[in-house]
Amino acid sequence: IATQVDCSEHPKPACTLDYRPICGSDSKTYSNKCDFCNAVMDSNGTLTLSHFGKC
């Protein structure tokens, strides 16, 4: 099981509408890697991956 997501290409100005949910350490479900990685960048790295799938 992967415990990290590679956010090196983020943040991005726009994300696709793909639905591949990721649960963040803030107990929020992000709709895909792009949404999650943008939030990670906004949090200055304090947000981490909890698990793949809905929270």
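Any Cβ shown, glycine's included, is placed from N, Cα and C.
Between Cys55 and the candidates Cys15, Cys23, Cys34, Swiss-Prot records the disulphide pairing with Cys23. Of the cysteines Cys34, Cys37, only one is given by Swiss-Prot as the disulfide partner of Cys7: Cys37.
Closest to Cys34 (disulfide bond) in space, going by CA atoms and restricting to the recorded positions Cys23, Asn44, Cys55, is Cys23.
In terms of DSSP secondary structure, the domain 'Kazal-like' (5-55) contains 10 helix, 9 strand, 32 coil.
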